[in-house]
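Everything on this sheet refers to the single structure shown next.
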Amino acid sequence: MTEAMKITLSTQPADARWGDKATYSINNDGITLHLNGKDDLGLIQRAARKIDGLGIKQVALTGEGWDTERCWAFWAGYKGPKGVRTVMWPDLDDAQRQELDNRLTIIDWVRDTINAPAEELGPEQLAQRAVDLLCSVACDSVTYRITKGEDLREQNYMGLHTVGRGSERPPVLLALDYNPTGDKDAPVYACLVGKGITFDSGGYSIKQSAFMDSMKSDMGGAATVTGALAFAITRGLNKRVKLFLCCADNLISGNAFKLGDIIRYRNGKNVEVMNTDAEGRLVLADGLIDASAQHPRLIIDMATLTGAAKTALGNDYHALFSFDDTLAGRLLTSAAQENEPFWRLPLAEFHRNQLPSNFAELNNTGSATYPAGASTAAGFLSHFVENYREGWLHIDCSATYRKAPVEQWAAGATGLGVRTIANLLTA
């Protein structure tokens, strides 16, 4: 068996022969990472990516200076979608090791689930995986209901049914109740709503191949909020939280929805479809209606919703939208505490009115007259949140997935956002 490469930390610069910008050096004893006190976690993550690029698949983190955050930064960069990597972790106290183990279990579940091929992960499989994860951490406190196919239409989940009816794999709504109180009448503290589009072709507003090839990841919001709830439970979440995953394929067929169709929602809103590739908001609307009916103190929806958010922030930040300044500030505080990247983008009352339709109350997409696509998408969703000005956060999760590797991430899912939402739930 190959001996593990030893990885140590140092606050001293590398030998001058490595250059004055060297972040790591190699000697007979292994690899040394040279911390500079400026962005040590980022330095460790980037170095881990380089170590993986050298083909080193077994490492041992040794010596002083390793803690949970530094171990996790190393793993975030070291993990990739292909092959097996083995890490021998340093000695940590029980609390730190438990935290690390929970991250390895749950956030890796999120990354692996998002990376799974669409052929293997349809709407029903995604819902069942979410149930399995949450039952693995708190089965005695979890109940759930899965509604699919024609049952959705009969129960007036018209957005989800309309988007998903074009696929042979029926659309699915997972409604999961985490209630650790034992009181079936306990108030619901929070609702999490996730977009679970397991493959997005764009429908009849079809995507080009260059924009479709990563669309197995269009369920990243659903996977992330599922992981966030599971992770919050491992951190001691003792409040009742409900999870709604809106899962579907968006495909082309003789039964697929078309431009000009009008969707009539349970809350009385009518929406004209003018872009079948703006389907995420159509399925989320059903989840938000259900979430609002619980009258929680907090609603968080998460979705890979718009290219506009990605244009603004790249894959480096999740975009945050809210009318509730206090709540937005709390989430940004949680993000800072967890070293995760979130950035707030504008959401104003006028964005709610920038989706005009000649035939319905709302259009499902903006026009060239109103080009702030990420903000108008958030404005659209607000029509399905009963008290949208308080207690609601919308996250357009641009940092969920990377099509190609970069200096700190392998190609594929990142798992970013799990810790921040869990932090907010347990604060």
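Every residue gets a Cβ built from N, Cα and C, even glycine.
Annotation comment: Swiss-Prot describes K207, R281 as active site. As annotated by Swiss-Prot, Mn(2+) 2 binding site applies to K195, D200, D218, E279, with the evidence given as sequence analysis. Annotated Mn(2+) 1 binding site per Swiss-Prot: D200, D277, E279, in sequence order, evidence recorded as sequence analysis.
Local packing around the active-site residues K207, R281 was summarised as the count of other Cβ atoms within 10 Å of each Cβ; on this measure the leading residue is R281. Looking at D277 (Mn(2+) 1 binding site) and K207 (active site), their Cα atoms lie 8 Å from each other.
Across the structure, D218 (Mn(2+) 2 binding site) and R281 (active site) are spaced 12 Å apart at their Cα atoms. In terms of Cα distance, the recorded positions that sit within 10 Å of K207 (active site) are D200, chosen from K195, D200, E279, R281. Around the Cβ of K195 (Mn(2+) 2 binding site), a 10 Å sphere holds 31 further Cβ atoms from the protein chains shown.
For D200 (Mn(2+) 2 binding site), other Cβ atoms within 10 Å of its Cβ number 27. Listed binding-site residues: D218, D277, E279. The one with the lowest count of other Cβ atoms within 10 Å of its Cβ is D277. In the three-state DSSP scheme, E279 (Mn(2+) 2 binding site) falls into the coil class.
Of the recorded residues, K195 (Mn(2+) 2 binding site) and R281 (active site) place their C-alpha atoms 8 Å from one another. Under the DSSP three-state reduction, D218 (Mn(2+) 2 binding site) is assigned to helix.
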